[in-house]
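According to TrEMBL, the features are:
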SIGNAL    1-16  signal peptide
COILED    94-142  coiled coil
COILED    178-224  coiled coil
DOMAIN    226-478  domain 'Olfactomedin-like'
DISULFID  Cys227-Cys409  disulfide bond
Amino acid sequence: MSVPLLKIGVVLSTMAMITNWMSQTLPSLVGLNTTKLTAAQGGYPDRSTGVLPANPEESWQVYSSAQDSEGRCVCTVVAPQQSMCSRDARTKQLRQLLEKVQNMTQSIQVLDQRTQRDLQYVEKMEVQLRGLETKFRQVEENHKQNIAKQYKAIKAKMEELRPLIPVLEEYKADAKLVLQFKEEVQNLTSVLSELQEEMGAYDYEELHNRVSNLEERLRACMQKLACGKLTGISDPITIKTSGSRFGSWMTDPLAPEGDTRVWYMDGYHNNRFVREYRSMQDFMTSDNFTSHRLPHPWSGTGQVVYNGSIYFNKFQSHVIIKFDFRTSSISKSRQLDYAGFNNAYHYAWGGHSDIDLMVDEGGLWAVYATNQNAGNIVISKLNPNTLQIIKSWTTNHPKRSAGESFMICGTLYVTNGYSGGTKVYYAYSTNSSTYEYIDIAFQNKYSHISMLDYNPRDRALYAWNNGHQVLYNVTLFHVIRSEEL
């Protein structure tokens, strides 16, 4: 009796091991479906850093979706950085997992063979036991005709074997469970083989080509998106702590693919040295930079780098200068007629911030104030080559009451302050020549913002916040043009 029970214990222990493996390994398969792909945004060159979110492998994100009154698809899309293809690790993980399943399949097959052999033995034993039980009952009924000694021996043997009957019933049920495990592992092996054929059979180059193809399709999809309306600003991402309380930093939204240089200007007046860092990574982790000396000092923190040139307001004047980094020379300069300067119409924080140059999806802009508009903000669209004003819009918002401002898709957004609690509360659309008061939360982490500009390629706000260089992701509300679908 002890030998069959020992076999049963070994089988049950093995099945417990299988159950534990299944519970620990199968959930990890879910992770195979969480790979994210990234792509550059439509209309702008691809970029390796994106906006450096907290998680650098963050992918395309849909923040909201709905339908408008005419049934058109409405969605909010933010395209962050492009990350390197990470399929290799997952492919290796898949292959290792497939090998484990195949090994476990072989073990289950051996166990199944042993179980079937033992089951045949047990079934025969069960028949003998039940026959013995019947015989004993007959003997018991006719015990008076049998010798007392034989009766006692048979009865003792029966009592010894009787507890084994329910164990045998459980053994048969457990044998069925082993068969179910075998079928499940076979199904799992089939699924993994299909995944292997789909994804694991490709080497790095093939996978990279497939990802690149998908990125092109995503980029084409992004080009179908109309320009968006600002609906949200993320928490700040601190990139670096350096410099004085005031300054500006940026990347070029029209830089060629692979150009991720960072431009850095400390201070708001009487300085003419611009630092060039080779990449965002260099800017974050080192002080290795190239210094460019401008022919004139700048005024304020409203500089902008656009298509290889820096545009800045010459100190103590209303002159705008375009300085070409490639030739290290001034390629154009022009007066911004009637614009206040030298702290006449600065932002609320001061700092000679009379003229603020900025770019968005539509090109180059100048934000300033004039006596003719009673010190209220004037928005002018500039030709980036000639610096001539293409068109101007006058607003009713006092320039001195604005904390900072930035352009997104032809709309000027203005903050209500520069220190303490801050929000975006005023928006003027140059597309419709209308304004509205809004309420978009904006976290002023270090309590003093002296520069805030939008980069249309990164879809992010660059800020100088009390000696900290900070990024904010933005959420834009897009409407897909139905005629392009």
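Cβ coordinates are placed from backbone N, Cα and C, and glycine is handled just like the others.
Since the structure is predicted, the reported quantities are computational estimates derived from the model, not experimental observations.
Applying an 8 A CB threshold to same-chain residues 6+ apart, the list for Cys227 (disulfide bond) reads Glu361, Cys409, Gly410, Leu476, His478. Mean per-residue pLDDT, taken over the domain 'Olfactomedin-like' (226-478), amounts to 95. The 10 Å shell around the Cβ of Cys409 (disulfide bond) contains 19 further Cβ atoms across the protein chains shown.
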